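Here the structure is laid out as C-alpha cells; the discussion comes afterwards.
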Amino acid sequence: MSVMKSYSSGRFFTIGLVTAWYSSNIGVLLLNKYLLSNYGFKYPIFLTMCHMTACSLFSYIAIAWMKMVPMQTIRSSVQLMKISALSLVFCASVVSGNISLRYLPVSFNQAIGATTPFFTAVFAYLMTLKREAWLTYVTLIPVVTGVVIASGGEPSFHLFGFIVCVAATAARALKSVLQGILLSSEGEKLNSMNLLLYMAPIAVVFLLPATLFMEENVVGITLALARDDINIVWLLLFNSALAYFVNLTNFLVTKHTSALTLQVLGNAKGAVAVVISILIFRNPVSVTGMLGYTLTVIGVILYSEAKKRSKRESNL
C-alpha cells in the first residue's frame, strides 16, 4: 500500500513539474510577444537583460542559499573564457528570438524554432566532423520542408522577422554543440543550474552596453511608461522571474525524467504553445501553414527516434 502511495505521489510530483515547465515556457513566450508586439514595448535587448539579471539573482539564491544543487566552481581562466563564449552565443539566441516576436506570430516563431535539430546536426558535423547515420539525416528533410511550406502559407510572414528567428534557432543549436565541445572534460562539466549561475551575469555584462548603445534612453522611457501605467513594472518583473523559472523547471524535469521524455515533451510543448497563442492573439493561420508546422513536428519526432536507434546500435 505504501509503495503504491509513494508511486502515486511521485507520479503527481512529475506531472506537477511538467505542468510548471509548460506553463513557465509558454508564459514567457506569450508575455514576450505581448510586451514586444501588442503592448508596444519595443526594447528586446533591454527585456533580455532583465531576464538575465533575474537569472543571476535567483540562481545565486537557489544554489548559495537554498542549496538546491552543490555549487561548482570555475577552475581556470580558460574555463571562464569558454563559459563567456557560450554566454555570448546564448545572448545572441535570446535577443534574436525576442526581436523576431516583434514581427512574427508565436505560432510561426515556434514552427521555425522546431528546426533546431537541423542546425544542431549541421554544426555538429562542421565543428566535430561527427557524422550521424544516414537515416538521421533523412529525417531532417521533413523538418526543413515543413518550415518552407509553413512560410509559404503564413499570412503574417515578415522577411526580417523570419531571418532573425532563423538566426535565433541557429544560435540555440550552436550553443548546445559548443557546450558539448567546450565543457566536455570531467573537470569542466557543469550542471545546467551552475552553468546559468555563471552565464547570466556575463550575459548582463554583454547586454548592458548593447542596450545603452542600441536602445537609447530605454530606462528613462520605461520609467515614463511606468508613471502612466504601473502595470509595465509588474509585467517586466513577473516576466523576468518567469524566465528563471523556465530554466529551473527544465533542470528539474530533466532530473526527474529521462532525456527521451524531455524530447517528447518538448515537441508537444511547441504544439501547445501554437494553439494557445492562436487562441489568445487571434493571429490568422492558414491550412497550408498548419500542415507545414505539423510536418516539421513529425520530422522532429522521427529525428529523435533515429538518434535513439543509432545510439542503441552504437552501444551494441
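Note: Cβ is positioned from N, Cα and C throughout, glycine not excepted.
What you are looking at is a predicted structure, and each value in this text was computed from that prediction instead of being measured.
Feature annotations, courtesy of TrEMBL:
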type: TRANSMEM; residues: 12-31; note: transmembrane segment
type: DOMAIN; residues: 17-304; note: domain 'Sugar phosphate transporter'
type: TRANSMEM; residues: 43-63; note: transmembrane segment
type: TRANSMEM; residues: 83-101; note: transmembrane segment
type: TRANSMEM; residues: 107-127; note: transmembrane segment
type: TRANSMEM; residues: 134-151; note: transmembrane segment
type: TRANSMEM; residues: 157-174; note: transmembrane segment
type: TRANSMEM; residues: 195-212; note: transmembrane segment
type: TRANSMEM; residues: 232-253; note: transmembrane segment
type: TRANSMEM; residues: 260-281; note: transmembrane segment
type: TRANSMEM; residues: 287-304; note: transmembrane segment
Please average pLDDT over the domain 'Sugar phosphate transporter' (17-304) for the predicted structure. 91
Who are the long-range neighbours of the transmembrane segment (107-127) in its own chain, taking Cβ under 8 Å and residues 6 or more past its ends? 29, 97, 100-101, 136-137, 140, 143-144, 146-147, 150-151, 154, 156-157, 162, 165-166, 168-170, 172-174, 176-178, 181, 267, 270, 273-274, 277-278, 283, 285, 289, 292-293, 296-297, 300, 303-304
